[in-house]
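Worksheet for the structure shown next.
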């Protein structure tokens, strides 16, 4: 603002204010007139140039004009040196330096400063093409976005418009609704459900059109300039056949002057060039508008995802929201490109038919009839294919399943469930390929009818023309002008159905986007940020629900949290504890009452939300680093020991969803983020559930408790831990969404209510309780961090795709692809293409011979025979086209089936270390985008490339047949073509890779934001996340913009090469007028007119194939990675009932995470007898989890062996082993599908057995009350069950398998103490005759075990019964003392 106001106007004000006084001074002091010198003239001219430039910038009263007047006045009054003007120019220069510095961009886009000719021919882009050809392009080589293309500029204009549009639409909708209500009341009726549904649909539709109107108002004017270009293009396109007609007329005239022929040839060349220029300016405008639409929609959807309420959020999954910004945005971009074809294509078709009527009279109607027949055929095929879009449904199902497999891969391996899920994936895949095959065959009919349409229309029109009257003769002028018009007709005929389809898809996408963007938002008045009298949080008579229509999740809530106090919230699983915190955050629907919070809020969710960023960035969360406070927070949250283990300390990049952190570490990072914030109110949702006893106590003492760093803050703590309750100022007891009791610990005990009974029952347990993370969480740390070294450098950025910047696709990939199809398919394909083009050449040449046939008595002889031969050759070509397209489609499906199968097997046979170091996004991308490219893109690209390549050969043969001398011109043009093409392909592939690499972070960030929206809102960080999203979108657009400009650059250059062929054919025809017949000239010139399009399509399809063949490389990438041992050993003599006793023996067992690393386990020699109950304890990294991983062969032995019932487990198949022993893992993972499938994916157990296991797992009542009982659909990740319920489902799985060995990675931290006690008693009773190994989290649960193994640094430091170990006063005794057991 300062730059554009003060700095601009200051020199002007100086000149305008002082100029009258200076003029007066000059008037009073006349020293005689000075003659006009060269210097004076130069000053005057320069002044006028500056003035004209300033006036062009719309600056009125240009000071430069006044300065010129003063120069002339000084000359007249004899003043030679002017201090007054000198000071003015100094001020102008000084004040211009600051804006100049601001406007100097690093790497600005050259289009801004390009000349008119450079803009028209896209020469400004050449520099980047040359750079890409010489060296691989990097992100730094790309230009900055122009200001008008940036997210900030587009969204600042759009957001205001969208809000206004929404408000006006809403008010209109409400007015209509009121009228309907009044009418209904007048009639004395209730509005039926159908009317409400109709209103909802109308709202969705109107919201879609609101979005379209908003986008049109902002981007419409620029789009209209493109529309003008396409109108000019059409004018030149229709002028070319008229000039061709004149040229062929000239060839017929014997005494016509030669200059006429050269004039027509040159005119045809110029018209072709102008047609190309206007066409590509139109396409450039469309793609620029499309790019801006993408930015606008992504920005609006992202902003909406930060304010959408819980009810609306539940109606759309994270995947659906990401789909809105990927698939639906792409459909809108396609719509921008093809929208004009909707109204322009019918006009073009009408004009073609009008000109054909001029040449052939009523026979042109036969062409219309053919078009009318082809249209319904293609329409019918399109309808059939749209029904076969169920393929997309199967694909979505397959991807969803793959996503769940990758998220729950550890569970799959522990339970040996890979085969069951492999069969499910392949089931989806087979249905997908079956639908794809049918769709491709129909598409082949469509392609064959379209490619034969030129012949079919010509055959119909020429046939009718010669048959209705013998006097109708076909001369060169009629034949080849008609053929040129028919070739023009093909473009709108092909575009119209596609444009209609794209428009329909865009309307659907607009509705979907409109529905999402108009969905209900969180109300600002849900929580009042009012100053309270002594209270930090106040809820007055609150009733809350998750949806407007749904049942309340909290009822009659009255809470007064005094400022600076600690409030504990307790209750059973599902009683509404987390909902209470959500109500305080304003995340729920407030039915009644009020919620007030004093000051800023920090929130720690139950399931830690971690960003894909460094530990430091996660903790600081957008705040400045205060070193002392930062260190104090890390120490208080017990993170300093973890940072020592991490490869790069607090600069270690955390993988997506906290991939490389244990559950406890994620929770402590989440807590540190809140503590670092220095907020006024802290809402803590069970942050101590996943940490061990001494760490939990440390965090409570140093952070949450009366002496912690938050002692002066208002804290609301949800907890299952009883040991912290005596130190709470207030305890709220929740039962089924109501606060049944509240008061201090002593008050509640003295009341002798339900809370007091509960405390007395479980107090003894709780005193002994040791909620340790050391087992499968912190102990697992060693596994995670040693896995860091498996791939060098993976720790710095896990999400980097290693195939980002390969210079050019290797030839082996083509060989690999064709080898998968098989030579038996490839040879017939090549033969069919040669035959198809041979037939095309033959019927075109036959047509030229027919046109040159002499006319006898006003007729031509044997027209019936000529027509029959022409028809036979044309139909033969049509059949060959159908054959080639079907053959390539089927070959593509064969290759795709094999490559998908190999990828799936390679991934599922990979060891756990592979999944720990490979982001699931990369793997999912292989199964979705890369397989889709192999399914459709590569076969379609090959069809197009081969078709146009053979067509080009045909054109060259025809031109050289007519004028052999054309070879002299075609050869250098071919070299130029190859030169341009090689430059383009190299740069285009790199730009595509850069664009695809920069696209992934957008979706990752979207995904991350949607999942952590409640945390972002609680911390008030929405603006920072919006800025980050904008940066990511802009970074992606910096590579998308040059990518589409590259296509335009190529097309313009190639079309000039093609137009050179037109010029050569025409000029040479004129030169050989005496020797060439009009028929052969017409054939050569009309075919040469097609070269421009053919050349562009060859390179475009070639580039598509080059870009998509990378998918084969990416899919094959995992074939060479390390694999785990075979699942089943052929001919194994393992008894069916093995293991019968359940004895486990370790013989000098050693384990390494990788060769060369320290031993995770060393020299373990141990025998566990049948029915023995063994507890395994130890500090972080002692090797407890490694023992479990060794038993299940998740990691293979480096030395020694493990024997189960005397069988060396290394000698049997992995599935033979894992299916005969059971683990209850720490992370309760469920898959989407029925509850029954989650318990028994192989369908091996009866319903009675499943109900029995559910009863023992204390889930029978819950499942019985579900609407579909065992067939109840679990959502993705089991999100429609609470964490505790998911843990009980895992227990039910173990009870169902009932194997002789149970490994218990005891994860009861997520359940309340009562449920925990029930689980412990169930395990003791049901697994009494089994060998049980418990990696202890709560030490009290193993005090009655037969033996306890104490691990330390990978070896057994102590082993005996708990009683003996305590009496020995060793390491176990010290652990028990810390836990309050002794």
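Glycine is treated like the rest: Cβ placed from N, Cα and C.
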### Task
Have a look at 751-779, 838-866, 867-895, 896-924 and point to the one annotated transmembrane segment in TrEMBL.
867-895
### Query
With an 8 Å cut-off on Cβ pairs and a sequence gap of 6 or more, do the transmembrane segment (335-357) and the transmembrane segment (222-241) reach 3 or more such pairs?
yes
### Query
Is the transmembrane segment (363-382) close to the transmembrane segment (261-278), in the sense of at least 3 CB pairs under 8 angstroms with a sequence gap of 6 or more?
no
### Query
For the transmembrane segment (867-895), which recorded stretch in the set 83-102, 222-241, 363-382, 441-468, 817-835 gives the largest number of Cβ pairs separated by under 8 Å?
441-468
### Message
Under 8 angstroms, Cβ to Cβ: which one of 224-505, 829-1107, 1144-1378 has the largest number of such pairs with the domain 'ABC transporter' (522-761)?
### Response
829-1107
#### Entry: Mean predicted confidence [pLDDT] for the domain 'ABC transporter' (1144-1378)
80
#### Entry: Intrachain residues whose Cβ lies under 8 Å of the transmembrane segment (817-835), provided they are six or more past its termini
876, 880, 883-884, 887-888, 890-892, 894-895, 898-899, 938, 946-947, 950, 1109, 1112
### Message
If we skip the immediate neighbours and take only residues 6+ beyond the ends of the transmembrane segment (363-382), which ones have a Cβ under 8 Å from one of its Cβ atoms?
### Response
349, 353, 356-357, 442-443, 445-446, 449-450, 453, 456-458, 460-465, 468, 472, 486, 489, 493, 497, 501
